[in-house]
């Protein structure tokens, strides 16, 4: 799984996952579940988790 780290503002880390929807119009945020109240943003067929301050990881699962 390929990961890219983007720094947005001073406190929000966004991890881009290459999780792909199944091609049937399924929302990728239904496949990739973000943790700790992180927001999931569907960008095409890719899910992006916007981690709250203090969390990191593809799905914001790691306290930082």
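Here the Cβ of each residue, glycine as well, is placed from N, Cα and C on the backbone.
According to Swiss-Prot, the protein carries these features:
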SIGNAL    1-21  signal peptide
MOD_RES   22  pyrrolidone carboxylic acid
DOMAIN    25-61  domain 'EGF-like'
DISULFID  29-40  disulfide bond
DISULFID  34-49  disulfide bond
DISULFID  51-60  disulfide bond
Using DSSP three-state counts, the residues of the domain 'EGF-like' (25-61) come to 3 helix, 13 strand, 21 coil
Could you state the whole-number distance in Å separating the C-alpha atoms of residue 51 (disulfide bond) and residue 34 (disulfide bond)?
8
Counting across all protein chains, other CB atoms within 10 angstroms of the CB of residue 29 (disulfide bond) number 18
At the level of the C-alpha atoms, what whole-angstrom distance separates residue 29 (disulfide bond) and residue 49 (disulfide bond)?
9
Looking only at 40, 60, the disulfide-bonded residues on record, which one has the least crowded Cβ, with the fewest other Cβ atoms within 10 Å?
40
